[in-house]
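Annotated transmembrane segment per TrEMBL: 26-47, 59-81, 101-127, 139-160, 195-216, 228-248, 263-282, in sequence order. According to TrEMBL, the domain 'Rhodopsin' annotation covers 44-288.
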Amino acid sequence: MEIPLRYPPFDATSNFTNPDFLGRPVLIIGGICLPLILLFLGTRLYARAVVLKHWRVHDYIHSLTSAVAVSLIALTIWMVLSDGGHHAWDLDRLRMQKSTITSLVGFWTALGPMLWFMKLTLLSFLFSCFDHVRWYKHCMWVGVTFTGLTFAAYTVVVTMTCGPKQGSDLQSHQNGLNRAVCTASDGTNAIVSNAAIIINSITNFLLLSISYPLAFKLSLRKVEMRGVYSMLVSGGVLCVCSSMSAYYRVKSWQSVDVTGSQIPFYASFILEMTLSLIIPCMPSVWITYRHLTVPEIDDKTTIATPNMKSISTFSTPGAPSRATVRNTRDIEDLPFRKSSADYAGPRDSRMKALPVTPLPVAVTTPPTPRTPSTFKSMRFPILRSLSTKSSRSNWSRSNWI
């Protein structure tokens, strides 16, 4: 005898042999977003480890959030490929797998920490951009504390209301899932879940509204401001996705289908997670692009003209060669640059540009000797000095002997 997990409504019938598969949107969106998260995460890690060589706190937070998001997306895809991609009235209660219920309750339990990690990532990224604004720091700490308490309360409610009842077998998990406080539209789990997802959507709108006026006060170049505009546009799309997630989450609790009605929420939430992780990586993409395309010239860079030997003579004639005197030389070998050892002379032209250094003691200039006017005056001092030196040498030699 076949018993459905949930009884169908009046306009539907159970189909246990060939049930409809509803998880195609999740597979498409998850297959696109999962490589994007890994690509942007790799770009951010490359920019931090190779280009900047400096790590900050929000880098570790983003890496941890990315790991949790990848795990949650993988769990969602696996859950949809199993019995979670069908209507609840198309699942036989006696033949369904226990992993379907555990993965469903596990996703609800992990939803609270994931929402808080997403907010923590966005708040830490915006704090690194606007850390000079004091009131924004206070708003960030208030947002982190409030969202953390809200999403932690939701996780506690899920574990208390939807856990297995009196055992760990399939029947115990089904009894825990079928309790009114877990899956009823007016149950505790539904009320707290709707409140958490609505607060998540409102928080995204507040972050965008606060960051919008501050972004235009940044002293950046025109090219860099285009990246800021793209982040603001992505933030607007993120708010739209969070609103869709809140709408589908509230609508899913109004249906008895605990599996098939969750598919639109899964798809919109995967988009929200992806955008929350891509936006903090956009500056790293620009840093990596500049590092790979714009060379850095320092005192060890080789400046050279392009090698024209590889260009064929039969190719299309181009512009004339702009070869200059700057052939393959080091900067130290250029004509306008010399080593410090070459400037040994005190009368060197480079020394003339140096300022006059005052000495503690005044140095007197020696008097200029007079030029002899006659042959006798020119000869007499020389003969006199020679005769004096010869007499002194003879006296010293006699004393030595």
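Cβ from N, Cα, C; glycine included.
As the structure is a computational prediction, the values presented were derived from the model and not from experiment.
The transmembrane segment (26-47) makes no contact with the transmembrane segment (195-216): fewer than 3 of their CB pairs lie within 8 A, with pairs spaced 6 or more apart in sequence.
Here the transmembrane segment (228-248) has Cβ contacts under 8 Å with residues 194, 197-198, 200-201, 204-205, 207-208, 211-212, 215, 218, 220, 264-265, 268-269, 271-272, 275-276, 278-279, 282 of the same chain, all six or more residues outside its ends. For the transmembrane segment (139-160), same-chain residues at least 6 beyond its ends with a Cβ under 8 Å from one of its own Cβ atoms are 105, 108-109, 111-113, 115-116, 119-120, 123-124, 126-127, 188-189, 192-193, 195-196, 199-200, 203, 206-207, 210.
In this model, the domain 'Rhodopsin' (44-288) carries an average pLDDT of 89. In this chain, the transmembrane segment (195-216) lies out of contact with the transmembrane segment (59-81); the count of Cβ pairs under 8 Å, excluding pairs fewer than 6 apart in sequence, is fewer than 3. For the transmembrane segment (101-127), the list of distant contacts is 57-58, 61-62, 64-65, 68-69, 72, 75-76, 78-79, 82, 84, 136-137, 140, 143-144, 147-148, 151-155, 158-159, 162-163, 170, 173-174, 176-177, 189, 193, 196-197, 200, 203-204, 207, 211, 258-259, 262, 272-273, 276-277, 279-280: same-chain residues at least six beyond its ends, Cβ to Cβ under 8 Å.
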